[in-house]
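**Student:** Take a look at the following structure, please.
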Amino acid sequence: MNAAVKALHENDYLVADLSLAAWGRKEIRIAETEMPGLMAIREEFAAKQPLKGARVTGSLHMTIQTAVLVETLQALGAQVRWASCNIFSTQDHAAAALAVQGTPVFAYKGETLADYWDYTHRIFEFGAAGTDGEGPNMILDDGGDATLLMHLGKRAEKDLSLLDNPKSEEETCLYAAIRAKLAVDPTWYSRKGAQIIGVTEETTTGVHRLKEMSAAGTLLFRAINVNDSVTKSKFDNLYGCRESLVDGIKRATDVMIAGKVACVAGYGDVGKGSAQALRALSAQVWVTEIDPINALQAAMEGYKVVTMEYAADKADIFVTTTGNRDVIRHEHMAAMKDQAIVCNIGHFDNEIDVASLEGYEWDEIKPQVDHIIFPDGKKIILLAKGRLVNLGCATGHPSFVMSSSFANQTIAQIELFCHPDGYDVGKVYVLPKHLDEKVARLHLKKVGAMLTELTDDQAAYIGVPKNGPYKPDTYRY
């Protein structure tokens with residue numbers, strides 16, 4: 001090993017504090033007992049090494065549960081480089097536990113945006129410093145930032161003017177990072193992108209980006225939409241948020257939720273779980289919706305369906321769950337009660353118009369908890385600066401539900417890497433139903449569930465295979 005390569009491997013990580021590694025390892029061991037899907041996949045595939053030769057760039061919240069995912073990919077033969085997909089979501093002891101084992105991980109809680117985009121670049125560098133080296137051949141993404149970086153960077157190689165007019169602080173930092181990279185290596189993005197077989201995407205927002213690029217004919221590689229696996233969206237998005245939302249609010253504020261009016265913006269899977277959690281603690285839950293079907297669902301569940309304009313001066317707690325921008329705008333916050341709590345559990349920070357508050361006085365109560373003081377002296381409490389409250393102010397979803405999501409991710413990585421000819425470049429796929437059902441089966445024993453088996457006559461009568469899949473793709477669950 002030459003000196004340059006040796007130096008790269010010896011320093012190929014950036015975490016907050018390596019002394020936290022032992023603590024992180026203890027929590028990883030506990031999480032493994034709660035993640036039967038990933039552990040079963042290790043047992044099934046470790047000897048076969050289906051990911052041998054895979055170089056996986058991972059951009060996903062660097063939590064204890066993610067550490068179990070990373071080590072599952074490695075157990076199946078993959079090389080992995082990892083960064084968080086959110087500046088506040090890293091658990092520093094989890095990152096340290098991976099780093100001391102030799103995993104190149106670049107993440108700390110409370111990153112600057114400049115650091116965030118620097119680290120997102122670093123996870124594409126599998127080769128020795130100072131050489132072209134190898135890039136990844138797989139991306140595991142959450143929110144689509146790693147995928148976006150490759151696509152925007154490649155386009156900017158031909159037209160730097162694409163970077164001339166950033167519309168947010170996030171874009172300002174992203175565009176600056178791309179300009180800096182192109183200044184020293186004008187073909188870096190196209191070289192790295194050319195090696196990528198495909199991407200597996202974790203969340204609704206990232207899938208939306210992929211579908212837009214696919215429809216426009218600009219998606220550079222194959223993609224599997226993990227989010228729309230039933231055992232992801234109907235479990236992680238619903239049951240995960242049902243537990244982690246109130247965990248974040250409680251840790252941040254110690255507020256009594258019972259008796260409060262809580263306004264949940266959006267009634268998709270995340271909104272449903274959030275509304276259930278708040279109602280379980282005896283809040284009066286109101287819902288805002290644009291979709292008449294979702295609005296009717298909320299009403300039939302007993303929630304009051306209102307507009308944000310109606311709720312703004314009446315509710316005590318506001319939660320955005322939509323994946324859209326400007327859901328809570330300045331005029332809404334200006335109308336809110338003194339000490340209203342405002343937070344977001346959608347992927348990006350633009351659901352709440354935080355930028356409109358920058359000219360006001362901010363008083364940090366503690367990390368990720370701020371009083372925003374309006375000119376009339378009124379204060380609202382903003383959590384995680386409008387980013388994911390469950391990861392910014394708490395530790396995210398429980399291990400068990402993340403086992404289901406991450407089992408889908410691992411299976412999707414195996415599918416794309418081992419069978420790329422079955423997937424067209426530029427198209428977005430979901431995993432087939434039998435694999436979705438497999439993920440569910442892997443988790444039944446842990447919760448003590450007993451599965452009824454069809455008889456031959458029953459299977460013939462309803463026209464399904466005895467061992468599944470049991471439902472058509474159109475079934476909504």
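Counting starts with 1 at the first residue shown.
Every residue gets a Cβ built from N, Cα and C, even glycine.
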**Student:** Record says Thr63, Asp142, Lys232, Asp236 bind substrate. Source is Swiss-Prot. Which of Glu34, Glu111, Glu202 does it list for that same site?
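**Tutor:** For the substrate site that includes Thr63, Asp142, Lys232, Asp236, Swiss-Prot also lists Glu202.
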**Student:** Given the binding-site residues Val270, Ile345, which one is most crowded in terms of C-beta atoms within 10 angstroms?
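**Tutor:** The residue with the densest Cβ neighbourhood is Ile345.
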**Student:** Whole number in angstrom, please: the longest C-alpha to C-alpha distance across Thr63, Asp142, Glu202, Lys232, Asp236 for substrate.
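**Tutor:** Answer in Å: the longest Cα-Cα distance is 17.
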**Student:** Roughly how many Å separate the Cα of Gly268 (NAD(+) binding site) from that of Asp236 (substrate binding site), to the nearest whole number?
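**Tutor:** Taking the Cα atoms only, Gly268 (NAD(+) binding site) lies 12 Å from Asp236 (substrate binding site).
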**Student:** Output the one of Gly266, Gly268 that, of all these binding-site residues, has the highest number of other Cβ atoms within 10 Å of its Cβ.
**Tutor:** Gly266
**Student:** Taking 10 A as the limit, how many CB atoms besides its own sit near the CB of Thr203 (NAD(+) binding site)?
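**Tutor:** A 10 Å sphere around the Cβ of Thr203 (NAD(+) binding site) contains 27 other Cβ atoms.
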**Student:** Are there any residues in the same chain, six or more apart in sequence, whose C-beta is under 8 angstroms from the C-beta of Thr205 (NAD(+) binding site), and if so which?
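**Tutor:** When sequence neighbours closer than 6 are ignored, Thr205 (NAD(+) binding site) has Gly143, Gly144, Gly323, Gly346, His347, Phe348 within Cβ distance under 8 Å.
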**Student:** So which binding-site residues are near Asp142 (substrate binding site), with CA atoms within 10 Å, out of Thr203, Gly266, Val270, Glu289, Ile345?
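**Tutor:** Among Thr203, Gly266, Val270, Glu289, Ile345, the ones whose Cα sits within 10 Å of that of Asp142 (substrate binding site) are Thr203.
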**Student:** Tell me the Cβ contacts of Thr63 (substrate binding site) under 8 Å, same chain only and six or more apart in sequence, or just say none.
**Tutor:** Ser89, Thr90, Gln91, Ala94, Leu391, Thr395, Gly396, Met402
